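Undergrad: Handing you a structure now.
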C-alpha cells in the first residue's frame, strides 16, 4: 500500500470494525514493527506468530519459549525481535532465519524486554522487582556466514534508599534516558551514555501515592509520555519540561535530586471509575490517547488536544477482558487482543471519486440527463479545431532518477533525512511444493526413535522436543 496516498485531512481515529486475525495459538501480547507491515503476536504456548499486515495472513511462526510469552520488542530496522517469557528467558531472534541470536536467563519470570530505540545491541529487561541493562555484539560463526550474539556487558539499575519495587521501566523516545516507575508513585530517571550501558542517576519526581503501572512514550515528533498509575488517572508529562527543571532540582534528606512537576493534562473516567490496564498514544502527532479497561472488553479513546472523550471500542469476543492493545505506527488502525484473537478497528473509509476524475460531481438525487446531439458521434463536425501552439513548443528533457529510491517521510524520524535501506519491511513467503510420492519398491529410511535411550556420555536437550532453535554456546545467565 502506498502510504502517501492515504487521506490526511479526514478523521484520524478508528471507530469502524475491520476484521479479526485468528491464528492457531492463543495470543496474549502484540507488537507492531516500526513500519507497521508486520504484527507480532506472542502466544500462551510459547510461540510467536508474525502476521503480514497487508495480506492479513500468518507469514511465519517461531517456536520461541517453553512458557507463555510476556512481551515483544522490535529492533529499529525490523530484522530482530526480542521476546521474554515466564520461563525466565530472554531471546533475540533473527526474523528471517527464525533462529535465536543470543539468550539470557534470569532467576525469575520476566515481565518486559525492550530494545533501545536507536541501538539494537542494548536491551532493557524488567523482572518482577528489578530492571537490567544488557549489551551484546554480533560475531561470525566458524562457517563465516551466520552471526550469533556475544555477551558484552550487563548491569542492574539500582533502587532508591527506600528500596522501592520497580514495577515498570522504559526507554525514552530516542533511547537517551530510562524512566523507572516504583510502587510508591515515584519515577526515577537515569541518563545512558551513547553506545554503552553505563548510566548515571539524574533525578526523580513523584506522580502520586499510588503505584506506577506503565510509562508510555509517543512514537515520534513529540517529547511527551503517559503515566498510568493505580489511582485510575492517566497523566501526560512533557520530558522537555523535566529537562528544564533539572537546573532547579533540590536534594532530599538522602542526597538524591528531586523535582516537583505537575502533568499538563489528566484523563480519567469520572462516571464509571474504570481501572485501566494499558495506555498508548496514537501514531503521528500523538493527538489521541487510547486506554484499555482491566475489567471488561472495552477500549476508550480521547482527544489529547482538548481532553474530550471520543469513542468506546468493543472487542469482538464479548465477556473477555482486553489482554493487549496496539496502535499502528503509520495508520489510524487499532489492534485489540481479546480471547486470543486480534480485532482490528480502522477509520471510516470515505470514497473520493474526484481524485480519479476531477470533473466528477456527486448528485444528491437522480436527474434526467439530456444527451448532446454529437455526444456519441465518431467525428464531431461542430467541434472547433485544436490549437497548434502546444505542438510548436519545444519539449524540455526531464531527467528521471530510476536508481535512487524515493524517500518516504512517514518512515523518518524528526532527526533523520534518509531511510534505512537494510530495513526488513516484509517477510518473503515460501511456496508449498508438492513432492512426488516415493517409489514403493524402494525401502523407506527407518525413523529414529526419539525416546530411545542415549549413550551414557550424552544428555538429551530438554528443548529438543519443543523445537526451540538456539545455540547453547550463546546463552548467558544474569546474576542479580
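Every residue, even glycine, has its Cβ placed from backbone N, Cα and C.
Heads up, TrEMBL stuff is auto-annotated, nobody curated it.
Not my notes, these are from TrEMBL:
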- 29-61: repeat 'WD' (REPEAT)
- 62-103: repeat 'WD' (REPEAT)
- 371-407: region 'Disordered' (REGION)
- 382-391: compositional bias 'Basic and acidic residues' (COMPBIAS)
- 436-480: region 'Disordered' (REGION)
- 446-455: compositional bias 'Low complexity' (COMPBIAS)
- 464-480: compositional bias 'Polar residues' (COMPBIAS)
Undergrad: Which residues of the same chain, at least 6 past either end of the repeat 'WD' (62-103), have a Cβ under 8 Å from a Cβ in it?
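TA: Residues 28-35, 37-38, 40, 42-48, 50, 109-115, 117-118, 120, 123, 125, 134, 136, 138, 146-151, 420, 422-425, 427-428, 463, 466-471, 474-476.
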Undergrad: Within the repeat 'WD' (29-61) only, compute the mean pLDDT.
TA: 93
Undergrad: For the repeat 'WD' (29-61), what does DSSP give as the number of helix, strand and coil residues?
TA: 0 helix, 21 strand, 12 coil
Undergrad: For the repeat 'WD' (62-103), how many residues does DSSP put in helix, in strand and in coil?
TA: 0 helix, 25 strand, 17 coil
